[in-house]
Amino acid sequence: MAYQSLRLEYLQIPPVSRAYTTACVLTTAAVQLELITPFQLYFNPELIFKHFQIWRLITNFLFFGPVGFNFLFNMIFLYRYCRMLEEGSFRGRTADFVFMFLFGGFLMTLFGLFVSLVFLGQAFTIMLVYVWSRRNPYVRMNFFGLLNFQAPFLPWVLMGFSLLLGNSIIVDLLGIAVGHIYFFLEDIFPNQPGGIRILKTPSILRTIFDTPDEDPNYNPLPEERPGGFAWGEGQRLGG
């Protein structure tokens, strides 16, 4: 019975969030079980372009370090904000969500050529947090019961938290920068006088990921919507 409940809950996670989170967990599990090593996964331009180890373009986004506090913290944020985006502003737009993944991953890989980062998964999570926070500007947040602020400040609060823990803020800055570029090109620039939509999801992605339009006369049975994580007043991060 418990297995069926867990399976049902897992299958209710929207597809992109489910696939990415699962890939991250399985990759970390494989490293933990010593089936593979981080040296086979990290971002290395020379190995990618000279030795054709193309898989590193993907695997460097899937490993968040050994199982521990940092891994759990990153997985919680990745799952929550990826799912909230997919169930919120990208609801019914799976192809657009996949295109955001590809665009963000491409930019981070490009910037990764100039900074000494070997794993980009955490920066990718910050990008997701940034886009969600800018699209939900009036949501009130509470950080460990210490700070109250509106959602757009969340990426900067997380960067300050990283700084307090003695971590490099390059990862956070990269995620914020890529998130802002996407948000500007997708949400701001097209709505400016003379602005145009630069980011256009390729039709092949729509063919693969978007379901055909339903018959407008079809009246489906009501179904329970999967529970999201729409944090509002009084909701604590990490608590």
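Keep in mind that glycine also has a Cβ here, set from the backbone N, Cα and C atoms.
According to the topological domains annotated in Swiss-Prot, PHE90 and SER203 fall on opposite sides of the membrane.
The stretch in 58-78, 151-171, 173-193 that contributes the largest number of Cβ pairs under 8 Å to the transmembrane segment (97-117) is 173-193. Here the topological domain 'Cytoplasmic' (118-150) has long-range neighbours at 24, 38, 41-44, 60-65, 74, 77-78, 81-82, 84-85, 88-89, 100, 104-105, 108-109, 112, 157-159, 161, 171-172, 174-176, 178-180, 182-183, 187, 230-239, meaning same-chain residues at least 6 beyond its ends whose C-beta is under 8 angstroms from one of its own. Within its own chain, the transmembrane segment (151-171) has Cβ neighbours under 8 Å at 77, 115, 117, 122-123, 126, 129-130, 132-134, 136-141, 143, 179, 237, counting only residues six or more beyond its boundaries.
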